[in-house]
């Protein structure tokens with residue numbers, strides 16, 4: 001693979017002088033697009049050629065993508081550093097076909113847990129599970145990382161489908177977060193869901209203890225209004241939560257891939273079982289497509305190869321995710337974790353240093369907001385930032401069709417502007433009535449857009465639960481494909497551990513209980529300053 005990466009970099013260098021507008025044609029627009037699950041992914045506005053694409057597809061073969069994909073779906077322990085299978089796809093396997101791990105079908109357990117979740121959600125939604133002051137009006141999910149970002153993103157995205165209690169999410173250990181969320185709520189009609197597989201995550205358990213104390217001051221039996229998403233039943237019992245309100249999940253479900261199961265309970269309560277199953281079905285449809293479609297017609301594969309082309313081939317170190325859908329406001333942050341925690345690695349499966357850069361920096365905001373913030377840099381800055389646009393054909397606000405048309409027009413226009421740009425002569429023609437001579441030249445240069453900046457476009461009919469499920473699964477499988485070609489483990493996250501260890505050691509130092517003498521000079525100085533100012 002090392003030689004293939006070198007060849008890819010050479011191809012990327014050659015593409016730097018290539019004109020994307022000159023590549024464009026009706027044939028290319030169709031040939032550089034994939035349709036699946038009711039969506040269309042267009043990657044024609046890139047500098048990739050047929051020869052480049054053929055090389056990327058050959059890299060899939062060399063990396064053994066087909067066999068490794070089969071290994072994942074068959075429940076083999078592809079998370080080698082932790083010795084675990086990777087089977088979040090089983091959580092949305094509504095067709096009910098057997099999924100085997102160690103010669104055991106996990107589907108009875110998966111479907112049984114889903115049925116328990118649905119039963120509890122119905123009880124909450126219909127007022128049969130009641131708080132000590134009446135029917136539940138508010139649900140607060142306390143978690144962090146994968147126990148927060150996924151359900152928080154999806155709950156916001158599917159706001160038009162909310163017909164249950166209001167849902168809130170607390171993640172940050174900063175006391176301001178939980179104080180701001182709990183402050184307006186009535187504890188007697190609030191359900192607190194604590195989401196932590198081990199029930200030891202420091203941020204989550206700190207917030208859970210704060211929530212319990214808040215409840216204890218206001219209701220007779222505080223633990224009665226808690227549920228837990230955890231496998232540590234001894235710890236949930238010690239917290240006071242009845243086992244009937246504890247929903248566990250297996251170690252073959254990674255945190256950032258977990259919202260399809262118990263971690264999605266808050267979403268299930270918000271939108272109801274029917275819509276939640278539609279969400280699962282959308283993801284399952286993408287799983288089926290990913291397993292069966294040939295690479296060139298496989299949406300996750302081509303999304304991944306486009307990402308590798310831009311990052312490892314062309315050397316573009318960041319990727320902007322730009323959903324033209326306000327309710328996908330949290331999608332860039334969710335994808336930031338999914339991609340950067342999965343593929344932000346420095347060594348391959350065998351522990352050797354990677355021969356190329358690993359995953360890019362992923363960031364973004366919804367359109368059109370970003371147009372009035374950072375698009376300036378994307379259009380006229382000195383670095384090229386590949387953009388991933390997405391937009392739906394239809395919105396939910398049928399009384400405002402003109403606004404959705406304007407949204408679509410802006411999305412398409414930005415991709416077109418990035419590709420075409422504006423030449424110096426075109427800029428001069430725009431302002432020739434206002435300026436002349438050297439001043440015309442100077443002013444026009446400020447209005448030049450270099451263009452030739454790559455982007456992709458994902459379009460879909462409407463942001464329904466099915467479509468959202470398919471989009472999330474698309475990106476999950478994209479991460480898997482990129483990880484396979486990079487030769488890394490996309491399903492561990494050792495990079496989060498060191499900071500946690502040092503934070504634990506620093507807590508008594510900040511509290512003034514132990515000395516900062518063993519800390520580096522900078523850290524010791526900062527501790528001293530913070531203590532003098534109130535820490």
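Note that the numbers count up from 1, one per residue, in the order the chain is shown.
Using the three backbone atoms N, Cα and C, a Cβ is placed for every residue, glycine included.
A TrEMBL annotation is a machine prediction, not a hand-curated record.
Within 10 Å of the C-beta of residue 341 (active site, proton donor) we count 23 further C-beta atoms, all protein chains included. According to TrEMBL, the feature active site, proton donor maps to 341.
The active site annotation in TrEMBL covers 372 (among others). Counting Cβ atoms from all protein chains shown, residue 372 (active site) has 9 others lying within 10 Å of its own Cβ.
What TrEMBL lists as active site is 500 (among others). Within the same chain, the residues at least 6 positions away from residue 500 (active site) whose Cβ sits under 8 Å from its Cβ are 202, listed in sequence order. Secondary structure at residue 500 (active site), as computed by DSSP, is helix.
You'll find the Cα of residue 341 (active site, proton donor) roughly 29 Å from the Cα of residue 372 (active site).
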